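I have placed the structure first, in the form of structure tokens, so that the comments after it can refer back to it.
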Amino acid sequence: MNLLVTSSLGVLLHLVVLCQADDHSELLVNTKSGKVMGTRVPVLSSHISAFLGIPFAEPPVGNMRFRRPEPKKPWSGVWNASTYPNNCQQYVDEQFPGFSGSEMWNPNREMSEDCLYLNIWVPSPRPKSTTVMVWIYGGGFYSGSSTLDVYNGKYLAYTEEVVLVSLSYRVGAFGFLALHGSQEAPGNVGLLDQRMALQWVHDNIQFFGGDPKTVTIFGESAGGASVGMHILSPGSRDLFRRAILQSGSPNCPWASVSVAEGRRRAVELGRNLNCNLNSDEELIHCLREKKPQELIDVEWNVLPFDSIFRFSFVPVIDGEFFPTSLESMLNSGNFKKTQILLGVNKDEGSFFLLYGAPGFSKDSESKISREDFMSGVKLSVPHANDLGLDAVTLQYTDWMDDNNGIKNRDGLDDIVGDHNVICPLMHFVNKYTKFGNGTYLYFFNHRASNLVWPEWMGVIHGYEIEFVFGLPLVKELNYTAEEEALSRRIMHYWATFAKTGNPNEPHSQESKWPLFTTKEQKFIDLNTEPMKVHQRLRVQMCVFWNQFLPKLLNATACDGELSSSGTSSSKGIIFYVLFSILYLIF
């Protein structure tokens, strides 16, 4: 009997040792940069391998501030990839201290300029050559972190058996200060950080069980715009296969500026910090001498006007990363032609109104007076002259009930969302689909049951992300069973699209997500209800933003009387009416 027990214990001990050896071999990966040791993390009823904080570039510190990234030099020994890395230096939202709704987007690790790292989640056992999905965070190009709880890749990687990567990139002036012509601060280095991370993934992901030929990049807001920018940029096109854009596209009005405007903002930053402005060299030297927080504290001062949904340091159309203007590239088909999946949320504007428009509060219904509505319109369309503002007001006012505070509130939500997210994305998708080979469009209109923001904010910008990353699968977070099912469905759509270029299962009996075509323009709702197919998302408003208003502003750009402050003249009103009639006719 004792011999049997001893023998059984020996076998058990041998199995434990073998399991530990298997765990160790799964967690130790030899990349082209060097060896990395990951960690085993629990996920639902199982576990997954995580490799956190792998460097892909040299730290952009000291004289490397504002410069293009340089590849990480190979290291000896084993890199400890068991904890999240630093977050990049950035503006921290302190509007609502202690409020989880806003603080969930703030950095959750120490901030540092040494921040160019990526994180990888790998199914266990390690796959042979599986699909790879690379996440690019949003944050208006002034904020964002790969380490946020809402971006935890373990649920999506585990549930859909994909390798999930999240990368980091410099934001604010650190990533997008642009003095065109200077090698010391060329601009767009945040986008080049992203590209360098994609290059690292391309060169190394096979060692983690991923297939470098089936990489899908996906992102939200500025991350979605970034994804679109890599579709456009010739230097990025070979580093991924497919793309998903959530609530952002490269042509959004806040997502880029001219090189001249980029330079003006860089000089204005220096002026705010008492730098010598005699030359680029002196300006850059001065800005490099400043502490990071000094730059962050004054970055909002460089904007040319008071506005909502505009950010200080963003990509510039430089002739290099972007060979020509975005519109000319879209018109000519000068972009990567592949399958894309993209969409928007129902209430894209509400979050931004809370941070700048008069009359809005998270602690009330935010019923908006007519006076506050008019002020909000001016902040929402800061580039428009008075006639343009009148056109926006006319388009979004219920003139049978123009003093209704709820309608005024919801009208501003629609103005900000249509102008900054929905209609730019619709313009992009229509242009892209003429040349691409498979497009799928969604409209996310489910408000989470546990959302802490007030009801009036609706289905908020950014709040589809938790469904994409599988948070409703976590029982402790108090989502409903229907929301868990929605999250599983969205994850499966995203992953199936990444694997095949089509979000639909080939032999499924469920309703099919139809292709978007320029003729029919079909899209689906994403919510807890059975699938519904619609056509021509926000078409009336998007014709206004994408066609009518630009022509109106162009036609009146040189007319001082029509652009003067105060109420438009009778001449302006007559001009507007005639222009509208002619536009509708022709």
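Cβ atoms here come from the backbone N, Cα and C positions, even for glycine.
The signal peptide annotation in Swiss-Prot covers 1-21 and is backed by experimental evidence.
For Asn80 (N-linked glycosylation site), other Cβ atoms within 10 Å of its Cβ number 12. Taken from Swiss-Prot, the feature N-linked glycosylation site applies to Asn80 (among others).
According to Swiss-Prot, the disulfide bond annotation covers Cys88-Cys115 (among others). For Cys115 (disulfide bond), the Cβ neighbour count at a 10 Å cut-off comes to 29, with all displayed protein chains included. DSSP assigns Cys115 (disulfide bond) to coil, not to a helix or a strand.
Per Swiss-Prot, active site, acyl-ester intermediate is recorded for Ser221. Shown in sequence order, Gly138, Gly139, Gly140, Gln246, Ser247, Gly248, His461, Gly462 are the residues of the chain, 6+ apart in sequence, with a C-beta less than 8 angstroms from the C-beta of Ser221 (active site, acyl-ester intermediate).
According to Swiss-Prot, the feature disulfide bond maps to Cys275-Cys286 (among others). In this structure, Cys275 (disulfide bond) belongs to neither helix nor strand by DSSP; it is coil. Its Cβ placed at the centre, Cys275 (disulfide bond) has 18 other Cβ atoms within 10 Å.
For Glu348 (among others), the entry in Swiss-Prot reads active site, charge relay system. Secondary structure at Glu348 (active site, charge relay system), as computed by DSSP, is coil.
Residues or ranges marked as disulfide bond in Swiss-Prot: Cys423-Cys542 (among others). In the three-state DSSP classification, Cys423 (disulfide bond) falls within a helix.
According to Swiss-Prot, the N-linked glycosylation site annotation covers Asn437 (among others). Sequence-distant neighbours of Asn437 (N-linked glycosylation site) (same chain, 6+ residues apart, CB-CB distance under 8 A): Lys337, Thr338, Gln339.
Taken from Swiss-Prot, the feature active site, charge relay system applies to His461 (among others). Taken residue by residue with DSSP, His461 (active site, charge relay system) is part of neither helix nor strand, so it is coil.
In the three-state DSSP classification, Asn478 (N-linked glycosylation site) falls within coil. According to Swiss-Prot, the feature N-linked glycosylation site maps to Asn478 (among others).
Its Cβ taken as reference, Asn554 (N-linked glycosylation site) is surrounded by 9 other Cβ atoms within 10 Å in the chains shown. The N-linked glycosylation site feature in Swiss-Prot is assigned to Asn554 (among others); the stated evidence is experimental evidence.
According to Swiss-Prot, the feature GPI-anchor amidated serine maps to Ser564, an assignment based on experimental evidence.
According to DSSP, Cys88 (disulfide bond) sits within a strand segment. When the Cα atoms are compared, Asn80 (N-linked glycosylation site) and Cys423 (disulfide bond) turn out to be 45 Å apart. Around Asn478 (N-linked glycosylation site), the C-beta neighbours below 8 angstroms that are at least 6 residues distant in the chain are Ser449, Asn450.
Listed disulfide-bonded residues: Cys88, Cys423, Cys542. The one with the lowest count of other Cβ atoms within 10 Å of its Cβ is Cys542. Long-range Cβ proximity for Glu348 (active site, charge relay system), meaning a same-chain Cβ under 8 A and a gap of 6 or more residues, is found for Ser247, Val416, Gly417, Asp418, Asn420, Val421, Ile422, His461. Distance between Cα atoms for Cys115 (disulfide bond) and Cys286 (disulfide bond): 22 Å, as a whole number. Put simply, Cys88 (disulfide bond) is 21 Å from Cys286 (disulfide bond) when counted between their Cα atoms. The Cα of Cys275 (disulfide bond) lies closest to that of Cys88, out of the recorded positions Cys88, Cys423, Cys542, Asn554.
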